[in-house]
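J.: Have a look at this one.
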Amino acid sequence: MFVHPWKGIIANIPTTLQDGKYVGESGRKLREDLAKKGFNPLKVQPLWNRHGHSGYAIVEFNKEWDGFNNAIMFEKSFELDHYGKKDYYSSRRKKDKLYAWVAREDDYYSGGLIGEYLRKNGDLKTVSSKEAEDRRKTSKLLTTLNNTLETKNQRLQEMQNKFNEVSSSMSTLMWQKDDMIRAYNEECKKMQENAHNHFKQISLEHERNAKCILDQKRELEQREKELLQREAQNENETKKLQHEKMINERAALEQKRADETMFKLAEEHKRDKEKLHREIIKLEKQLDTRQGLELEIQRLRGTLQVMEHMKGDGDVDTKKRMVVIQDELKEKEEELEDLEDLNQALIIKERKSNDELQDARKELIT
């Protein structure tokens, strides 16, 4: 029967009397000496009584098998030099050397400081009982680890299923986003082409009208020359020509004003078209931002659902992470709502600009 955790006993430690008390080597010095010899003690505890240092010390080793091996080597080392337990108790005259051995059953139940310390800080075990205890602990640990591993595998499978669901949902959202952007771009392109064709048609009509008026002016000028030659013959015809000439001049003035109005409206139409193009680009950016926020919200919700299944582990870091993700999800949802309000305002503004553009088109047609 050995004392466990494994302990050694050092006896015959030299002491001196100082100020009415016995003093001897410190436990730290003894531990360093033993460590240099390769015994690897955890600590050395000198035993004290009312007179001071008792001359005894307890060496504590690691409670595992490497500690037992160090304790046996420690004992054999002193026995080979004839400073073991038998040598200590059989010698009538002790040499000025240290004696040491491994603590066993007789030391455990002995009287005095040694037995008291051993009973207080250890218990008795055989090597076979220690081996059986280690086997029981190993078996229990393996069972616990297997159960934990099985639970973790189940959780992992659940997380994998959730991940697959979120991935599928994100893929669907990406396809929907691409379809929406494609349809939006086609609609914008169609609107731009219609506006360009309409403006081109108005310009052609205006050119035809201007050419017709110019032809009429030339014809009237030619008739004026003819009438001037025949002025003496027909005064009434001359007055009629003057009247037609005045009407033509008014028409030319109105045509000039119409030209100025047309060019002014054309410039406004150009500015409105550029403004509409900028608004379209802005809406496209807003759409991308909105889609990005929706995808981020989906990802955060998926992550939160996955972590909900992990909440049962009692992991404090996981719970803190869930709180952070919930706050981030709330922030993203509020940001999406703000973006929706801004998008609605831009749509209303775009519709208003489109109405103004239609009024300008009507004015050009008139």
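Glycine is no exception: its Cβ is also placed from the backbone N, Cα and C atoms.
Quick paste of what TrEMBL says about this protein:
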COILED    142-363  coiled coil
DOMAIN    1-109  domain 'XS'
J.: Averaged over the domain 'XS' (1-109), what pLDDT does the prediction give?
T.: 89
J.: Counting each residue once, how many in the domain 'XS' (1-109) are helix, strand and coil under DSSP?
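T.: Summed over the domain 'XS' (1-109), the classes give 36 helix, 37 strand, 36 coil.
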